[in-house]
Amino acid sequence: MAKAKFERNKPHCNIGTIGHVDHGKTSLTAAITKVLAETGGATFTAYDQIDKAPEEKARGITISTAHVEYETANRHYAHVDCPGHADYVKNMITGAAQMDGGILVVSAADGPMPQTREHILLARQVGVPALVVFLNKCDMVDDPELLELVEMEVRELLSKYDFPGDDIPIIKGSALAALENKDPKLGHDAILELMKAVDSYIPQPERPIDQPFLMPVEDVFSISGRGTVVTGRVERGIIKVGEEIEIVGLRDTVKTTCTGVEMFRKLLDQGQAGDNIGALLRGTKREEVERGQVLCKPGSVKPHTKFKAEAYILTKEEGGRHTPFFTNYRPQFYFRTTDVTGVVHLPEGTEMVMPGDNIAMEVHLIVPIAMEEKLRFAIREGGRTVGAGVVASIIE
């Protein structure tokens, strides 16, 4: 069967449902596709189709994720939903499913629960820019004061983790009512109201091509008579021939000029996000550039050695460690294209980290890496992946 053509006429946004187990994330995902299918913006995907999500591998970690797509009048959405709590943790930390925003689902009957808190914290740590709340199962709560109480609790919890709890839209409804065509106010209409909130409150992400230029260095060649060529895939932005760039990471930052861009052996006047290019650098010797550095727009990225991270440590079954590790653990941290040794400092009160845990930790690298918040990395021992992480904040 041929795939339907992906119409690129609307801005695209990646979102996902997060929240405690059994609060209705998957039912809500199904309900959104059902309600939007009426206007031709989606294909109805039933609960059991979403729930048996296929397994995917991201950075050597197996994650089950369901993907649905739909559109509103304003945007095209790719929506991810995970069957299990561990899948959420892995998904958010590896960035396997990039989230420009999230729909936090909270059962009105139960209020915020441990995973509600953990998913909000994870969203904060991994840099999900905005959340919208769907207060689900409102048809099970008769007392309006109780609903208000739950809403207040959710807002307080969001504020505690530095989300704007007072401003975040909270939509009250019932995913089940929408799926079973009952109580349109809590069902059908609430879903439309939720999508309106998602449309307006979750900011449109900046496209990679509009961001400042950055390209991780994969390989370096010397071409006699022409100079040094650096190859890699442009991560974001545009590099034009004649522009000044910086080489950042592993050693002192150097400024140089890009005197040529090649792709498939053809000369171009620019390379852009997604392109695999060779960049010719003026006056740069081959030994001055190495894999693991980045080429970038001057001043846009700085080299750092100390940062706070959120990490997931693989289980033995996932091919990870068989034993716990302690503070001063020294694995390699794989950033973009290279491994750098670093020392792990565990937070106060955390004695050790077991395989299968996710943990906030501080890392001190032995050499600097071009780094910014939200940058993903793998934790490796002798080339074997034992964990995945994301830079939560930079210390120095």
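Placement of Cβ uses the backbone N, Cα and C atoms for every residue, glycine included.
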Listed range which Swiss-Prot flags as region 'G3', given the options 81-84, 209-212, 249-252, 329-332: 81-84
Intrachain neighbours beyond the region 'G4' (136-139), with Cβ under 8 angstroms and 6 or more residues off its ends: 23-24, 27-28, 105-109, 147, 172-177, 182-183, 186, 190
Residues from the same chain, set at least six apart from the ends of the region 'G3' (81-84), whose C-beta lies under 8 A from its own: 16-17, 21, 25-26, 29, 50-53, 63-66, 68, 91
Cα-nearest neighbour of T26 (Mg(2+) binding site) within the listed binding-site residues, G19, C82, H85, C138: C82
